[in-house]
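A short worksheet on the structure shown next.
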Ligand SMILES: [Zn+2]
């Protein structure tokens, strides 16, 4: 142990000196390496590079990216979407060249063998398969440690960045332990109350869900502020934030989809950049989870416009993370999904054809148009403003009829729990989306999740550990292993 510690200290000291010349050293390193910078290509000079750039064999920093609901057909559809229609060769997406393997997503649930985001998240955050709805507790409802908690124990900085609520299942599995994902107030309370070495578990929290941090849940936001966190609620406040700790909530519940969002809202990549700026100040490294959560939210109601919008936002954030890892050699980037959603099919009916051009013409998502009509806006006006392709007049009559039926339902009791309202809203949204699903030839099989294996993309030191067809628990096992071997932050560990 002593030898390892001594080596560790030597490496840190040398890398701090090297950091002052990082710009120059980095350029020469990049220019003499035309091949992939994957760990396999690091060769004999790995030791020297470890001194210059930190440990390049074992990551000090991990950026774990989750694309909620992004099954393999989403990746293929997005490749079509990114290319001009009629192209003979489809250019790759930012993901394609980093494909390493696939994840098996099934949960350990007594009733269901297709996972939800809570069981899926618990698997890749903790290494334990559990029942649907569980937030980092095992099948006996006992808490199980997450890789973010391990990072914090070792003095690393930590972050959660997400497009939906911060108390949603995927971020929650990293910093909370509770028997049900629905207990969002309790989850937010745990974010504040639970400490590791006297510190809050998560240094950077950016996403939606302000309602769980405000006055209805004990003014947690003010308490975080008292403890040194910046509180921000729009893009310019986020850009001006100076503290290394921040709580940013940009909407009461889920953030709007990228295609529908006001300019004052940060995009996923903006939040990721802010997180990287803050977290990278810690010499011991960091763990950051970035989630493209709204891919799933758009896929549940079969909204192809929303799905492609969010895939685009996630791709930009992934590309940005790769750029970061290219200049920070001790950083591993992994991107995977917890499951697939909706049973997205590239073509439907009898035609051998999928037409993403139609989706490009859309001005708003189906979710957005539905919300506008639910809020009382004139259906015809909403459709005219949101659609960029022809909307048949017969179909417009169906939208108007569905809106009329919805508005007839009693106002009292309106809400997510009211089944009639939910059913009628679904009917309305389906009517709004039918023309774009038809014109683009997009098929769907369910409003829920599917059990297909999902793709895993990785780059940087340790990326080869994600090769092949793996259990979803292996991601956590790999990251625990990396942190155990991390010489910059484990001196105090046993
Ligand atoms: Zn879902």
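Yeah, the Cβs are placed from backbone N, Cα and C, and that goes for glycine too.
Annotation comment: TrEMBL describes 117 as active site, phosphoserine intermediate. A C-beta separation below 8 Å, combined with a sequence spacing of at least six in one chain, links residue 117 (active site, phosphoserine intermediate) to 68, 168, 169, 170, 181, 296, 338, 339.
In this structure, residue 339 (Zn(2+) binding site) belongs to neither helix nor strand by DSSP; it is coil. Here TrEMBL flags 68, 296, 300, 338, 339, 449 as Zn(2+) binding site.
Taken from TrEMBL, the feature Mg(2+) binding site applies to 68, 168, 170, 291.
Marked as signal peptide by TrEMBL: 1-30.
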Within 10 angstroms of the C-beta of residue 296 (Zn(2+) binding site), the count of other C-beta atoms across all shown chains comes to 29
Residue 291 (Mg(2+) binding site) sits from residue 449 (Zn(2+) binding site) (Cα to Cα, rounded, in Å) at a distance of 17
The answer, for which of the binding-site residues 68, 338, 339, 449 has its Cβ ringed by the most other Cβ atoms inside 10 Å, is 338
Close to ligand 1, in the sense of Cβ under 6 Å, among 168, 291, 296, 339 as binding-site residues, are 296
One should report the C-alpha separation between residue 300 (Zn(2+) binding site) and residue 291 (Mg(2+) binding site), rounded to whole angstrom, as 17
Using a 10 Å radius on the Cβ of residue 168 (Mg(2+) binding site), the other Cβ atoms enclosed count 28
Residue 449 (Zn(2+) binding site) falls, by DSSP collapsed to helix, strand or coil, into strand
In all the protein chains shown, the tally of other Cβ atoms within 10 Å of the Cβ of residue 170 (Mg(2+) binding site) is 26
